[in-house]
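S.K.: Dumping the structure here so I can ask a few things about it.
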Amino acid sequence: MGEYFTVSYGGTFGFRRQDLMDQLKAEIALVLHVHSLDNFYFSCRTCYKFSVGFVLNREKRYSTKEIKMEISILSTSGGKQLATLTVDPNSTLKELKTQIHRLKSHLYPDRQEFRQEPRGKGLDESKTVAALGLKDKSKLYLKDLGPQIAWKTVFLTEYAGPLFVYAWIYTRPWLFYGEDAASQPMSQVSHIAAICWVFHYSKRILETLFVHRFSHATMPVRNLFRNCAYYWVFAAYVAYHVNHPLYTAPCQIQSYIALGFWTVCELGNFSIHWLLRNLRPPGSKERRIPRPTKDPLTLLFNLVSCPNYTYEVGGWVAFTAMTQCIPAGLFAFAGFYQMVIWAIGKHRSYKKDFKDYPRGRKAIIPFVL
Ligand SMILES: NC(=O)c1ccc[n+]([C@@H]2O[C@H](COP(=O)([O-])OP(=O)(O)OC[C@H]3O[C@@H](n4cnc5c(N)ncnc54)[C@H](OP(=O)(O)O)[C@@H]3O)[C@@H](O)[C@H]2O)c1
């Protein structure tokens with residue numbers, strides 16, 4: 001049943017209307033503990049006052065004393081019964097995870113994922129038992145995600161590795177190319193490439209610490225080894241070739257044009273990260289439709305869903321052109337391949353989750369993919 005509400009909001013001019021609406025919708029939904037608001041409208045009453053109205057579809061709330069029910073928790077692998085929980089319809093999946101943790105101490109909440117089918121999609125832990133349509137004696141499947149590690153730790157380890165590996169090879173050529181290497185002159189491009197590389201990974205570390213607002217606190221620990229191997233080995237492979245005494249740099253004009261392109265891509269990548277940060281209120285897991293701001297580098301959002309990946313790939317293509325080095329090109333290609341897969345997935349979820357998602361955006365390459 002929809003209920004109709006109007007509220008007044010005092011705001012200052014300077015917002016783009018769509019930004020304001022998205023922000024208001026999200027904030028009101030947060031205060032009312034509902035997922036989203038329908039039929040939201042906006043009108044400008046006076047210079048400084050806006051009026052908004054919306055239909056609120058509230059989930060039916062039950063008295064917690066009213067009903068108690070038993071839910072069977074089965075393992076996704078083999079369907080083995082793990083526990084039977086006594087819950088009420090208002091219990092969230094997050095609360096169920098805490099109950100399971102009390103029964104099985106190794107299954108801490110971040111390690112658990114609930115599903116309605118053994119191979120189904122992971123359920124949102126903020127959903128209540130009633131919202132999922134579960135009744136007395138219903139079944140829920142639990143996937144053990146394995147030991148977890150904090151996302152920030154993963155990112156910092158992943159990015160600190162390539163930074164130090166590259167800097168180590170660059171500053172100590174005699175360790176890798178023999179005693180004579182230290183006395184041989186290094187090309188200017190090798191110096192510029194080292195600065196670009198160190199800058200890029202320092203930026204990523206700082207963004208991980210101070211910019212990104214992640215929605216997941218942890219990830220499976222096994223991913224750490226895979227991701228670190230990828231970044232660390234590639235860093236050594238690229239650094240070994242670009243700093244080699246026999247390395248031949250391309251002509252200066254090519255390197256400088258590529259350096260200019262690389263700089264724009266780094267700035268663009270940062271602009272998108274900053275925009276995404278401002279899209280999510282602190283401490284929330286909210287996802288909104290990203291739209292360009294006044295920053296011209298965010299205009300790429302008109303064309304693709306993941307412009308940060310577009311800029312990232314552009315940066316590595318520019319690095320490859322600047323150094324004219326095959327290992328750098330292979331690294332750019334590997335990153336591109338991975339980011340295409342992620343961008344397609346994110347693009348699909350945007351289209352699925354937001355009915356008003358802008359048509360015409362591609363995933364990562366404007367007009368193409
Ligand atoms: N060279 C390579 O191989 C490679 C590969 C991948 C990434 N990277 C680099 O690492 C950067 C970060 O990668 P990523 O995969 O974490 O990027 P991402 O998925 O675009 O996310 C960046 C941050 O923005 C948040 N976010 C994304 N969409 C949002 C939305 N609609 N509303 C609110 N917040 C949103 C994310 O939170 P969530 O926690 O909810 O996702 C995350 O904190 C990339 O931009 C790229 O520069 C490089």
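Cβ from N, Cα, C; glycine included.
Quick caveat, the model's predicted, so the values are computed rather than measured.
Pulled these from TrEMBL:
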DOMAIN    69-142  domain 'Ubiquitin-like'
TRANSMEM  229-247  transmembrane segment
TRANSMEM  253-276  transmembrane segment
TRANSMEM  297-319  transmembrane segment
TRANSMEM  325-345  transmembrane segment
S.K.: In the domain 'Ubiquitin-like' (69-142), how many residues does DSSP assign to helix, to strand and to coil?
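M.R.: Breakdown, helix to coil: 14 helix, 25 strand, 35 coil.
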S.K.: Determine whether the transmembrane segment (229-247) and the transmembrane segment (297-319) share at least three Cβ pairs under 8 Å, counting only pairs 6 or more apart in sequence.
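M.R.: Checked: the transmembrane segment (229-247) vs the transmembrane segment (297-319), no contact.
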S.K.: Same-chain Cβ contacts of the transmembrane segment (325-345) under 8 Å, 6 or more residues past its ends?
M.R.: 230, 234, 237-238, 240-242, 247, 304-306, 309, 312-313, 316-317, 319, 363-364, 369
S.K.: Determine which residues of the chain contact the transmembrane segment (253-276) at the Cβ level, with the cut-off under 8 Å and only residues 6 or more beyond its ends counted.
M.R.: 188-189, 192, 196, 199-200, 203, 207, 211-213, 290, 293, 295, 297-298, 300-301, 307-308, 310-312, 314-315, 318-319, 321-324
S.K.: Over the span of the domain 'Ubiquitin-like' (69-142), how high is the average pLDDT in this prediction?
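M.R.: The answer is 91, the mean pLDDT of the model over that range.
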